[in-house]
Structure formats: C-alpha cells, structure tokens
C-alpha cells in the first residue's frame, strides 16, 4: 500500500476573497446555523408537545429535524470559524472524521426523504390500511435501516478516499472535507475511487429518488381521481411541502455526486454545497411549518400556553 501519512493536515481554502468578505461569510454562516438549530429544535419541541402530531408522518419529520441539526453541525461551525479567524487548517484525522459524519448524515437524509414519500403514499393511496401498514415497529425499523445504510456508505466513501496518497499540495479547494474535493488533492490515480463514488452514491440517489417519484406518481394519480375539490386540496397540502424539500435536496445532491466528472469543478462544487449543507437544513422547518395546517395549529396552541 502506498504511504499516505506524509500529509498530516490540510488547508481548507474555501472561498478566496477580500478579508472583509470573509467576515461577512462568517456572519452569514453563523446566522444560518443559529436559524437552523433554533428552527429544527422548535419543530422537534412542537411535535413532542402535541399528542395530535404523534403519527408516523411527524415521527419521520421529528427525526429529519434532528438529522438536519447534526448534518449542519458537522460543517457550518468549523467553516464559520475558518472564515472569521483565518484558521483554515484541519488535521488529517479531523478531515476524515468530518467526511465520515457528513456522508453518514447526508446518506441517511436521502433515505429519510424516501421513507416520508412512502408514508404519504400509504396515507393517501391506502388510507384504510394506513394504521396497520405504518405501525410503530415498521417506522423504527425504517429509521434504523436508514442509519445503517448511511453507515455503510460513509465507511466506503471515507475508507476509499483516505486510502489514497496525499503528498502535496495539501490545499483543499472547499470549505469542508467533501469527498470530491479531497480526492482532487491526492497524488494517486483517483479513477477507481471516482468510479466507486459514482456507483455507490449514484445507486443511493437513484434508488431513493425512484421511491420518491413512484410514490408521488401514485399519489398524484389518486389525488386527481378524488371526487371533491376539498379532498384534493387537503391531500395536496400534506404533500406539497415534502415535494419541495425533496426537489431541493435531490437536485443539488445529484449535481454533486451522481454525475461523471464530479471532481472537475471544485469552485462550482463549493457554491452548490452551500445549498445542501446550510440552506436546505435551515429551510426545512419553515417549508414544513408554513405549508402544514396541523403544525401551524400546534405552534399557535404552544404559543398560547406560553402566554398563559
């Protein structure tokens, strides 16, 4: 095996710009992180406090909020500090750990979104069997299966990436240790690793996206066939927020990991990465709250309780 211990640390270049803009980026990232944590924590609190929201749909939504907090925490605090203090160095082991947990939470989120689509399919297309189909035991098994799939993928991605040799340059043209960006600075031939990344990530993205598209294909067909406009409107309102979240997530992730040449444009990758590492986790609580009458009702009830 080639020696890959020559480099003991990396430099996260991030976005090369004027020092004043670096401070602005730090403030922007810090603000988005605070909004992400507060928004998702609020969503978790609302779901746990209102017994009406103790259903499979909100079980998955609560766990999605927990996942989004973890997902953002792996990336944003380190990036914000790097922008503000100019300390862009990350150790070899720190880089591997960041990649491991980022891949874990990112993969798990893809499976979460697929599970939520299947849950909506069961609720709208088979309402009479919904309580039997989506029982607590199945929901927990689906949750554990998602994390297990995430563990398998992050072990493969991190293991293969850090089996490469890193002998310089040690500058990673990104604001965190993403797989394509780290591969780009290796002095080994990365062709096999790129094929593995494309195969593994591509299969995960395609399979989870297929579950989403097939589920929503049946959902849309069922909604169209509903006799009353009120029923159609109610059914669509329960799905529209999830459809928006799915579109944002899979659109950006497909661009990053499921196409050939993903390592060829590091700067473009950095821009796209901001969407799924900071923007989407921040927007998710608002997307699900603003488009969901049950969550808005629970929020109003909680606010009234706090006032009294």
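Each Cβ is built from the backbone N, Cα and C atoms, and glycine gets one as well.
Note: TrEMBL annotation is automatic and uncurated.
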Looking at 165-185, 270-290, I want to know which stretch TrEMBL calls transmembrane segment. 270-290
From the ranges 81-99, 100-118, pick the one that TrEMBL records as transmembrane segment. 100-118
For the transmembrane segment (235-258) against the transmembrane segment (100-118), do we get 3 or more Cβ-Cβ pairs below 8 Å once near-sequence pairs (under 6 apart) are dropped? yes
Checking distant contacts: for the transmembrane segment (138-160), what same-chain residues at least six beyond its ends satisfy Cβ-Cβ under 8 A? 56, 59-60, 63, 96, 99-108, 111-112, 115, 179, 193, 196-197, 200-201, 204
Other parts of the chain folded back onto the transmembrane segment (195-223), taken as Cβ under 8 Å at six or more residues beyond its ends: 107, 110-111, 113-114, 117-118, 120-121, 124-125, 149, 153, 156-157, 160, 179-180, 183, 232, 235-236, 239, 243, 246, 250, 253-254, 257-260, 262
